[in-house]
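*Asks:* Please read through the structure below; I'll follow up with questions.
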Amino acid sequence: MKILFVLISILYAVYCFSSEEDVDGAYLANELEPVEDINSEQYAALEPKEEQERSCAGMGQDCKDDCDCCLNIATCDCWFGRYFCSCTFGDYQTCLRKKGKCKRNRPQSCPRSNLNRKKG
């Protein structure tokens, strides 16, 4: 069964290479005309639109402080002090801090985890 599979694979590879050479040879001899797309003008962009700046940064994007990050619990984490800053996941305390400090992207509510609550 394996030998049959290898034999079929070799025959298929030879067929692909030989048919490709025929098409390339015919194209070089101008026997085939290049295909022209009649709808190419329809899909051409008239003017590239400029990307508008977002009001907040998503997870993993660059930031300057916690208020730049979109999520309520997202914090701006920096390497080496104030260099290479990006938004990462924070916690409930981060949300409370953002609620008091931020004027833009202020959290409306801070989600609490049900993991640490005592029942009873």
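Quick reminder: no glycine exception, Cβ is built from N, Cα and C everywhere.
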*Asks:* So C70 is in a disulfide according to Swiss-Prot. Which of these is its partner: C56, C78, C85, C87?
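*Replies:* Swiss-Prot annotates a disulfide bond between C70 and C56.
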*Asks:* Need the cross-check against Swiss-Prot: the disulphide partner of C69, picked from C67, C78, C85, C87.
*Replies:* C87
*Asks:* Say which of C67, C85 is recorded by Swiss-Prot as the disulfide partner for C78.
*Replies:* C85
*Asks:* What does Swiss-Prot give as the disulfide partner of C63, choosing from C76, C95?
*Replies:* C76
*Asks:* What average pLDDT does the predicted model assign to the domain 'Agouti' (56-95)?
*Replies:* 85
*Asks:* C56 (disulfide bond) has how many other Cβ neighbours within 10 Å of its own Cβ?
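*Replies:* For C56 (disulfide bond), the 10 Å Cβ neighbour count is 15.
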*Asks:* Within 10 Å of the Cβ of C63 (disulfide bond), how many other Cβ atoms can you find? Include all protein chains, please.
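*Replies:* Looking across every protein chain shown, the total is 22.
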*Asks:* Under the DSSP assignment, what numbers of helix, strand and coil residues are found in the domain 'Agouti' (56-95)?
*Replies:* 7 helix, 16 strand, 17 coil
